[in-house]
Amino acid sequence: MIDYSVWDHIEVSDDEDDTHPNIDTPSLFKWRHEARVERMDQFIKAGEDLEKGLAESKRKLTEAQKKTKNLSSSVTDDAKAELSKAQAEEKRLKKEERDWEKKLEDHRREEKKMPWSVDTLCKEGFSKSVMNVKPDVKEDTEEQKEQKHKTFVEKYEKEIKHFGMMKRWDDSQKYLSDNPHLVCEETANYLVIMCIDLEVEEKKALMEQVAHQTIVMQFVLELAKSLKVDPRGCFRQFFAKIKTADQQYQDAFNDELESFKGRVRGRAKIRIERAMKEYEEEERQKRLGPGGLDPAEVYESLPEEMQKCFDEKDIAMLQTVITKLDPTEAKVHMKRCIDSGLWVPNSQADEGDDKEEDATYEALNKEMGEQKIE
């Protein structure tokens, strides 16, 4: 036998068309519907308040039980007196917890008795569907993932940053309730990059705050993966669990947070070192002479007497030093000086690279007065 009694209490007053001719029917239906929606919202809000009260009661009871356990191991008179107070407080909190549970149970029982309406009849009955056949889902390529991330960030960057700056559990939950599209991998990836950027900029306090929100998002995604559901449908479960003072879960969260901040600092350090190397290489490329040599490196390779000539920009001194060197060694040094730009031959003597290489040392004494040191 099919039980049709569930249909006995359906509130459809705003769908009725039997009204007085002098009454504005559309307005009447609208007012009725708004009043019903407001009652529903108030009822839902009352349920959320009861859940928060129960969670807070559990947290206080856990703390009281820890205190009682710690005091029970002490034998001093003061500790015994304090233990008596702690035990009384624990007893009171247990009674308070039972009261909250009874209120929440009554609220849920009342919810089942509420009449159905057009707003509740259309809501889904299950949070997930189980299919016998697993659909063949084609994984996105790296290019597609990158484009998807770029498009998402361009559209919701402001909202992601706002979430990253939040501190309180309740604020984060409400913000994700209002913006469920943010509960995804793209948000988590952007927050990771944001943390590294802040660490590079030495905004350490702000980095730690965004890191906290990053781990919040990653825990939600991991929970969704373990439950095999859409992340947008399970983030409330994460907040409910983290706010009920589940110590093991809280410790796991804090451990992952500290580990993540360490990884961020490491990545930021690597990025800074890479940027410094790139900057140094750019500066080096700017210094390179016509032959592709770095003047700073060539200067360091010169004999001390030649270095002094360039320091004082004394051509006569350089001529004297060159004459004292072995001809082959002098030619090598002068060739490197020209290629690095330390020594700039006179334009009239520049008749080609090959000819200049061969004549550098032999013509040095004759050309010394026509050349200049850079």
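Even glycines carry a Cβ here, placed using N, Cα and C.
Per TrEMBL, the stretch carrying the note region 'Disordered' among 61-104, 105-148 is 61-104. If you look at the region 'Disordered' (61-104), the same-chain residues 6 or more away from its ends with a CB under 8 A from one of its CBs are 47, 50-51, 53-54, 245, 247.
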